[in-house]
Amino acid sequence: MTAREWLEKARREKFAIGAFNVGNLETFKAIVQAAVSQKSPVIIESSPGETAWMEAENIVDLARNYSEEYGIPILVNLDHAESLEQCIEGIKAGYDLIHFDGSKFILEDNLEIAKKVVELAHQGGLVVEGEIDHITGSSEVYTGSAQGEIAKGKFTDPNQAKEFVQSSGVDIFAAFFGNVHGVFTGGGENLRLDILEKLAESLPSIYFSLHGGSGIPDDQVQEAIKKGIVKVNVNTEIRQAFKEGLQEALDENPNEYAMYKILPEAIEEIQKIVEHKIEVFGSAGKL
Ligand code: 13P
């Protein structure tokens, strides 16, 4: 099934597909193992930094190899690409979905680039995601509440979103309605579900993504899925699990030098997180 067909199935059956970021092979393995054990479709994604580190072709090849080995669908998403050049790199490398994040541009420039990305990506049958309002926060563990980061952003206006989606032709829309990036020790990641509801009303045929999937309480994510979210992006909780799992394994085995003996503990920690997210998103057993 293509990315579009999976998104359509998710919308019809009211579940969301997890889009999990990869920055190394161990994270890749953990996500794949979680998808296999949960019998779930999965999206592997790479931010600009992760793409530069792992290289686009390697990410696509790993996804295709694992997909064949385990017989599960693994879609590949270019996450938060910030220029036409980055999008073209992803298209050429064989990604299935391209997220052009033009939120740092003025709206007209964002629209102009988005149109070009849509034209090129659609020729190859790829799916394109657009964004107009910067999703605040970053992949960090913040001390305190999310309210400060949320206040730095501008919630998406349904009318502006409608205009952008209709003129650009994007397939997926990344809205900002309280879904900040990162994990906040003081909580406070409260989604404005009323805004999502208005967006879904004004754009009934678009697919909606939920960025900032780390740290948002499970019940809120599930409410958002009921209101139309079909793709949930998760990064920080995965990075946190990797770092903590690795740290623990290194502390426990001071005389071990074979990294393939140390890293399974980090993989296990990530796998637990991804399995839980898959359950929350309702995509378990959907293969
Ligand atoms: P988190 O780091 O908050 O999970 O957000 C990830 C994300 O939205 C990637 O696009």
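Every residue number used here counts from 1 along the chain in the order it is shown.
Even glycines carry a Cβ here, placed using N, Cα and C.
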Discussion item. Need one residue: from Gly182, Gly186, Gly187, the one TrEMBL lists with Gly212, Gly213, Ser214, Asn233, Val234, Asn235, Thr236 for dihydroxyacetone phosphate.
Written reply: Gly182
Worksheet, complete the sentence: If we take the residues Gly182, Gly212, Gly213, Ser214, Asn233, Val234, Asn235, Thr236 that the record assigns to dihydroxyacetone phosphate, their largest CA-CA distance in Å comes out at 11
Worksheet item: Between Gly213 (dihydroxyacetone phosphate binding site) and His181 (Zn(2+) 1 binding site), how far is it from one CA atom to the other, in Å?
Response: 7
Item to complete: Would you list, in sequence order, the recorded positions among Asp79, Asp101, Glu131, Gly212 whose CA lies within 10 Å of the CA of His181 (Zn(2+) 1 binding site)?
Response: Gly212
